[in-house]
C-alpha cells in the first residue's frame, strides 16, 4: 500500500500475536541467529508454495541499524534471472509511512504473486528479469523490521542516515553487488524517502572521495517514483482538481464549494506549519470520500476510483487477503529467516510507525529533485491515471513548477516544451511520456495507485527502457512497444522464461562459459601433464641407461615434499594420467569445476552460499536434535 489515510480502520494497524513460544525457543537455543554476518545465514533454501522447478536465488533476514535501540531492518533480495548489458540492482520501498515493502515483493514487481494464501505463481512482469531486486521494510518498525517502540523515527534525514547504515552493512555481507548500477524505486510516500536516500548516497560518495577512502563509491544511476507523494504544495490542491476532472464532484456544486473552503484553509496552513503532512489538508480528501458514500454504504476507493467498497480502499488491493496469512505462516517465517525478536506478526501498515513519522523539520523531497537531476541522476516519475490520493494532476503540476538545469518544467528552450509522445503496448494505448533534462514522466492509462499491480507487463517494459536494458545478446521474444506508432528498441517482457529461442541461446551461453573455464583449467593441466611426461621420459631413459650398464649419477627417490613426489603421490590412486593415453573424464578430475548453473540465474554467488547449501547434509543428525532450527 502507499500513502496512509486517516480513514484507515484500527484493525488494519493492530499488532497480532506472533508465536511467542517459538520466538523464545529460538532465542534460547540459537542466540546467534540474530547476529548473522555471512551470506549463508541469509540464504533462503526453500519457499513454501513456490512453483515447481528450481527456486530463484534469494536471501532474506535482518540487518542491525541501531544497536542502541535494537533497530533492525528486514530485507528480501532476489538475484537477477538474466544479465543483460550490465549488472543492475533495484532497491524497492513502499510508502505509508510505515507500510511494508512486501507489498512490492508479493503484489507488484517481485517474481511471485499469490494464487491463494499458500500458493505462489510467477509474476509475468517481474522486475527481476534483468535486475537484482532488494526489498526493504523501513523505517524501523515497518513490516518485518523492528525496534524498541519508543525509538521510531520522526524526520527524513534520520531515515536516510539509517538507510545508509543498512546499505553499508548489507554490501559488507554481499560485496558482489556493490559495484552494480543502483536504482531506487518505490511509490506513494516513498516519494519522500527516495530523494533523501539518493542525496545521502551522493554525500557519502563525496565524503569518500574527499577523504580518499578505500570504501567503494556506490554507482547511483536513477530513481523511479510511482504515484509519489513528493510535493504536498501541489498534491493537496490536486485532490479537488482531480475530482473535478474525473467528474467525482461538480464544479460550483454545494460539495464543490465546501471542498473549496477546506482547501483555502489547507493552503494557509501550508505557509506556516509543517510542509509534508498537514491534517487540515487531509480533511479535503476525507470530506470528499464521506460525500461519495452511497445507499449500500460504499464509497470511492481512493487508490482506484473505478472501484467502490465500504472502507474507501483501505482493504485494497484484493491480494491482501492472501498476503497477510501467507506471511504469518510458520514455515514462511522460518524460510525468510525472520528474527525471533520480531515479536508481532506482519502487518501491511504499522500505525505506530506512521504516527511517529510526521516530519516537523524536513523539507519536502521536491526540493532535492533539481540538484539530483543536475548531478546527472535520471529520474522517472510515473502515474496511474485512476489514483486519487497521489494523483497524476499533482505530479504534473509539480513538474510544471519545478526549475532545474536552466529551464522550467519540460522546457526544451525558453517557451518551448517537450512534446507528449503516445505509447502503445501490444496494440493497446498504454499512456504517454515526456522527457527533458534527465526527467522522464509516464502516465499509465487504466492504472491505480499501484500501477505494477494492475499492469505488470507494461510497467516492466517501462522500467527496462528507463534503465537502458539491452537484450541484443540475450534473446527472447521482444515486446511490441511503440512510441508515436514507431517500434522501440527491442526488449522482452515475460517472454524470457518461456522463450524456446532464449533458452537455446542461454544454454549455448552457459556452454561457452563452461568451455572457457574448462579451457583455462585444461591449459594448466596440460602444462602439468607435459612436465610429467618429460620427467617420466627422463626417468625411463635413465633407467634404460643403467640397465644397459652405463654409469651415471644416482637419482634419489623423490621425497614427499618434492614436486615430483607430490605429483606421484597425487596419482598413486590409480587415476594415472599419461601422455597420449588419457580421456577427458580424467582431466575433469584434475581441474577446478566450471560454471554449472541453470539458465535462470547467471551471476556471481555469495562467498559462502555453497557452504550453506551443504550444511543441512553435513549436520543432519545435529539439526534433528536442535528441532530443525533455521541456521
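Easy rule for this one: first residue shown is 1, then count along the chain.
Every residue, even glycine, has its Cβ placed from backbone N, Cα and C.
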State the residue range annotated as region 'Disordered' by Swiss-Prot; the candidates are 540-585, 586-631.
586-631
Can you dig through Swiss-Prot and tell me which residue of 117, 337 is labelled N-linked glycosylation site?
117
Tell me which of 477-501, 502-526 corresponds to the region 'Disordered' entry in Swiss-Prot.
477-501
